[in-house]
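*Asks:* Features from TrEMBL:
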type	residues	note
COMPBIAS	1-10	compositional bias 'Basic residues'
COMPBIAS	21-31	compositional bias 'Basic and acidic residues'
COMPBIAS	34-46	compositional bias 'Low complexity'
COMPBIAS	55-69	compositional bias 'Basic and acidic residues'
COMPBIAS	81-121	compositional bias 'Basic and acidic residues'
COMPBIAS	135-151	compositional bias 'Basic and acidic residues'
COMPBIAS	158-179	compositional bias 'Basic and acidic residues'
COMPBIAS	190-206	compositional bias 'Basic and acidic residues'
DOMAIN	504-682	domain 'Helitron helicase-like'
REGION	1-206	region 'Disordered'
Amino acid sequence: MAKRTKKPKAKQPTARVGRPRTRDVKDKAREVGATSSTPSTSATKPSQKHRLAMKKAEAAVKKSHQREEESQEVTSKRRRLDALSKKKARKEETEEEHKKRTSSNRERTSRARSEETEDQHHRRTSSNAARTSRARSEETDEKRGRRKSVDAGRTSKARSEESEAETLRRRDHNKEHMAVTRATESLEASESRKEADRKRHSSHVTEDCGIARKDVRVEENYLGTMSVQCSSCGALHYKGEQPKSKKFNTCCRHGLIQLPMFDNFPKELRDLFTSSTSESAEFLKNIRTYNNSLAMGSMVANVDTPKGGGPYTYRLHGQVFHVTGALHPEPGQEHLCAQVFILDTEEAAAQLANRKTKILCSKDLYKKLIDLLHMYNPFVKSYKMMREKEEEEELLASAENRDVREVKMVFRSNKNLNPNRYQLPTAEEIAVVFVGDEDENPGKRAITVYQRSTGTFQYLLDTDKETDPLCYPLLFVDGKYGWHVNQQRQNGQGGTTKMSAREFYSYYLHIRPNFSPLHHAKKLFQQFCVDVWTKIEQDRLNFIRQHQDQLRVESVQGLMDHISAEDDGPCGKRIFLPNTFTGSPRHFVSLYQDALAVVSRFGKPDLFLTMTCNPSWKEIQEALLPGQEAVDRPDVVSRVFRLKLEELKKDLFTKNIFGEVAAWIYVIEFQKRGLPHMHLLMILKNEWKPRTASEIDDMVCAELPDPAEDPELFEIISTTQMHRPCGVYNPDSSCMVGDSCSKHFPKDFRERTSVENDGFPMYRRRDDGRSVAFKTKNFGVIQLDNRSVVPYNKYLSRKFRSHANLEICGNVGAVKYLYKYLYKGTSRAAIHIYTDKNGVEHRTENEVNSYLDARYVCAPESLWHIFDFRMSDRSTPVMQLKVHLKNAQGVVYKEGEEKDAAQRGQLRDTTLTAWFAANQRCYDELESTGMIPEDVVDCRGIYYVEMPEHFQFSKGKWALRKNATRSIGRMHFVSPRDQERFALRVMLLNVTDAKSYEDLQTVGGVFYEKFVDAAKAAGYLTEDIFYEKSLEEAASFHSAPQLRGFFVTLLMFGEIHNAEELWYRFVDDFSEDFVYKHFPKEKAEALAYNDLIDRMNAMGEKLDKWMSLGYERIIPDDVIDFDYCTKEGDRMRSTLVAEQEEVVKAVLDAVKSGGGLIYVDGPGGSGKTYVQCGQYL
């Protein structure tokens, strides 16, 4: 022991800073041993436990001294051996041993750190920081990447396993730790941290940056199984759908929605949905027919099933109505809807099974289903009750020798009946049957069923809770009510609030472990999903339609004129379908112009990516129930594609696999067969733009891989990226327009990639002998080679294993067509022409009906909307800036409140007047104090359109941005026909620091009354420059036909002095649609010029009045395939029913005899659009 006393503490190695704490523990153990070895007052021997403690303490001390005396070389060797031994032991340990060890380590570490002094804590953290810094400085890039990957995986695993309470504790601890750190850091450290944050936010360069330009092997993306369960409602989710809070919103709004499920579903019917018998298979195969035959309400819609091969897809076109009929059919007509339930079961089953449209359905199965509905469905019982009441009335009338009175049935609007209860409602609770006139109705009238047909059906409202059980008796067999306007849910504050239809149906459409007939219903499930979404959407449209008269828009000056009675006419402009309604024409135009604002700010797109959902994805196949295909589960298809989309966005915009991205934008669309796909445009930063053929080849490939070297990629490309045979091999292919492929396949062989003038490069397609065999219908097996490969990226194809078409955008001319393709909308309009009582003809355009008539909806798209997934997104927000004259800003008001609205409009600042106010305040502060305070927006030298890039508009004022969110501004387009606003817009584009309208109207110290005069004095508008600037801006977002129409308008209503000069200035823009259709340049220009002539003739003018050019008068016969139109028109006419044929004949006869005005009326789904298309063809 003497040797130990000679060794002073000062000679201990500096690297062993943590030793004092360990030695203190060991000294304590020795003291325990020494104490236990001392004779006690009771003279007892030391216990076995104390003797072991003494031995361990002595061994620890001995080991400690040995390590202090060993050389550095021995220490390094021992540590390496210890590390290898520890690594081997940990590799061999089981999961349970691993958890036990890590738990023990955490407890021991926590206990030791709780006992250490402040000085010991400081020495330990300093030593750890120094050791970590030294190790990090010595590691290579490869080691750093592996370490970060391991750390991220370990952190992700720990986060996924922690409970909700542990998550909250961790976040609270992190928040406290961050607050303490920020409070104690120096000013220099704070600035350094902020600068690092700014660099990290501005640059997203990672080790994966540009990895998709290399031929690297990447693992297939797999989302896992749908196994994460909502703690509130039990709904199943994918792990990627779980928010950071770990509380799900889409299924039950964090537990605020609680609805009864299908616990009382009859076992006999459940077996038909779930068993594997032949009867069950036949039932599920024809389930739509069985349901619609037995439904007491009917869904009236134009079902437009895509033609050709492929799985069944329920796709709806146009408006949707729900109707119900009387108790008895008209004489000589078949029993429909609920009328079958008043028949004997045997008779009803026989009638239904013998109908031509139901020839595949079984009589025995009909009988079984009718018996089940009689037994369990309260609505069926109510119709039976009505029939019994009818028979009773007939007997009474005969006994009392009087006429039989009419029997009616009314479905009750019973507020005391809880729609969320689990007990089945009875027939008496849901309906009341009465005898007599309408005024003898014993209850509040809602849906009335009459005894005899009146020749028309009664409409069921989308807000009627009875609509779902009446239309889908096989899904809601117990009469469970659907959504209605009085549906309630919890509001999270102890009260209740109204539940939206989307929330209601989203709850039921989520998968849970318990049985739900919805997810087993196959084709009927598709119909139900489409029906539900159209109901939700039409409810929103009804709100817009019903509030047209209550809400009006007018300028402040217009309201002031109305109030002062200077204007006797009606006040306000009609509100149509607003741009806030997703899918409306104004919504598309707004998105399109916002996208072009992004292009004008960041440049043309570099990459155009289209990715389509693959129904064979492992995640989709795992979620299917026995006997199902992907088409049977549009809910799973939509959810999986959305998660794949999020993973793709992470690759593109976080990992930057193609390089750093300056801006991006995408939209979601749905194929005719329902599969979702995404169109995405990316603008890369300058250093990452593909400029050479070699760089293009690194990103895009249009060749089949070598099946020997890369069989996996060859299998992916041959199944997902091949353009199927068309042309002579398949003239009915969807890509065929006339006799040629609209996608121009097959391409030509090329040895090298080159950029052509049509906007896309011509990719390398070498004739290397590789091909894929494909079986055709009439030509047997043919070989598809590199000429039929759709361009792809190897990284994306390997990772996502779906159709992913990647294209390089070649020039600015292609940008407009790319964006136009993304935001293409309908140009159809519903016109209502009527004459009032005074004989005045009125013409009203109904944009709501136009939208409904033109829409196509399939099941995956319906689920996408119901689950509230985004239809489009972009990297950069675009703020729309107002351009209005003084006191001409729009004001929304209610009829009768014009005075208050006018006063509010004068006090409220718009983005323009707030810009004036901000400039005025800057000059006021400079004049009074000589400086601008920090809390004042210094917008000097900033153009109006640049304000959103530096400031945010909030509560009528421009304020400094509190975050780093990028935003750009876009002023509304103004037609030159509105000369004052057009000139004002021109001034705003060229002037800074304006404090008022008067400042803009003052040029060179001279005040001009009109903005047009001020703009001309400033040199911004000189002669035709006025119109040239207008055409230049319109050309950036108008299609060529729209631009030609705009040019004709300028010629007709403007004062253009040199039309020929403007024609040659914009001839490429005027004719680009014909160039895009592969007409030669000279012919394309001639076709565009001839179109101007036709437009002028239609307006009663001659183009020669403005310009006369020597273009040949030609007709674009190549654009119109008359043979195809004749063939298709004959085919469509052969499918018309008698009423439709009568309309077509009348129209064609009128055309032959010189024309006329024919009014065609009919309910939604009766085929008006089909008749119109047949006439055009």
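In case you wondered, yes, glycine gets a Cβ from its N, Cα and C as well.
Are these features on the surface or tucked inside, and what are their neighbours?
*Replies:* Sequence-distant neighbours of the compositional bias 'Basic and acidic residues' (135-151) (same chain, 6+ residues past either end, Cβ-Cβ under 8 Å): 207.
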*Asks:* Within the domain 'Helitron helicase-like' (504-682), what mean pLDDT does the predicted structure show?
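*Replies:* Here the predicted model's pLDDT, averaged over the domain 'Helitron helicase-like' (504-682), is 82.
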*Asks:* Under the DSSP assignment, what numbers of helix, strand and coil residues are found in the compositional bias 'Basic and acidic residues' (81-121)?
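*Replies:* In the compositional bias 'Basic and acidic residues' (81-121), the DSSP-based counts are 37 helix, 0 strand, 4 coil.
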*Asks:* By DSSP, what is the split of the compositional bias 'Basic and acidic residues' (158-179) into helix, strand and coil residues?
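*Replies:* Grouping H, G, I as helix and E, B as strand yields 20 helix, 0 strand, 2 coil.
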